[in-house]
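Trainee: Take this structure, written in structure tokens, and hold onto it; I'll ask about it next.
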Amino acid sequence: MSATRYTYLGPEGTFTEAALRTLPEAATRELAPMVSVPAAFDAVRAGEAAGAFAAIENSVEGGVTATIDELTGGEPLMIYREVLLPITFALLVRPGTALSDVRTVTGHPVAQPQVRGWLRGHLPDAAWESAASNADGARLVREGKYDGAFAGAFAAATYGLEPLVTEIHDAANAVTRFVLVGRPGRPAARTGADKTSLVIWLGEDQPGALLDLLQEFAVRGVNLIQIQSRPTGEGMGKYCFAIDAEGHVAERRVSEALMGLRRICPQVRFLGSYPRAGVAQADVRPPRAGTSDADFIEAAEWLARSQDGRS
Ligand SMILES: O=C(O)C(=O)C[C@]1(C(=O)O)C=C[C@@H](O)C=C1
């Protein structure tokens, strides 16, 4: 396998592939569909691919746990880019199928909550079974295993199907966020509209442990974008926290927060700093008073002068 390729959740025709193709660098890479998110990530860990691309969050269903768990566990990987893709489903069927013929439907588990209301209204008796991806569901419809698959309308031609109904989405403006991950390396360059991702493990179970962690961000004026708790698998009640914070690790307020976490938490995994999709530099609010790089530098210089007796 070529180490310059990008792997993604396949087969051909997934939303993941559509999102990956919006990255300019995807045009110059071999794109390799894989059977699962872990398989896509393992190819990177094994040095068989330069990057793996996967959904990490959906605006209706929340975190995509297969991807989050790949990043919180196993050999460390880092995020280098993110992509937002609006999601609207089509019901793909074999040519000639009418809505009244559809008794069984399939799609990715993350697709189901996005079409649940539509199913209740239009196919209340149809049985749902999950597929490895939406495009894999389309493949299974072609093979006759199910009557309909929820997938992107663009996948229809690949599988010899037709979109019986299009524009299906219970929540208008549903969006999925995807990430490009690679082996650990230098983070993406700072753009001024960046995000930093981390996984943090808490120490002893004691009152205020989570608050202590959050305070490392708050006192330095670092805004959190999201926080997800995931079980570590080490026993009931054992959780780690996957956190996205505004800013780049090259910024003093972010790097100081990371050092604070490193001092108080048993384990911190840095998942990278990378440009925020859909956020322009002009939309980024300026650092809170006293938390800009210049403020940190001035304070450090003042401290050095004080320590040397030069103040
Ligand atoms: O890429 C696809 O088509 C998928 O099947 C994956 C996935 C996901 O994992 O969230 C991608 C986007 C949709 O929101 C539903 C499913």
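From the backbone N, Cα and C atoms, a Cβ is placed for every residue, glycine too.
Annotated domain 'Prephenate dehydratase' per TrEMBL: 5-183, in sequence order. Per TrEMBL, domain 'ACT' is recorded for 198-275. Sequence annotations record features per position, and here TrEMBL assigns site 'Essential for prephenate dehydratase activity' to Thr176.
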Trainee: By DSSP, how many residues in the domain 'ACT' (198-275) are helix, how many strand, and how many coil?
Mentor: 23 helix, 29 strand, 26 coil
Trainee: Identify, in sequence order, the residues in the chain of Thr176 (site 'Essential for prephenate dehydratase activity') that are 6 or more apart from it along the sequence and have a CB within less than 8 Å of its CB; answer 'none' if there are none.
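Mentor: For Thr176 (site 'Essential for prephenate dehydratase activity'), the qualifying residues are Phe15, Ala19, Ala55, Glu57, Asn58, Ser59, Leu84, Leu85, Ile87, Val110.
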Trainee: Averaged across the domain 'Prephenate dehydratase' (5-183), what pLDDT does the model get? Just tell me the whole number, please.
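Mentor: Here the mean pLDDT over the domain 'Prephenate dehydratase' (5-183) amounts to 97.
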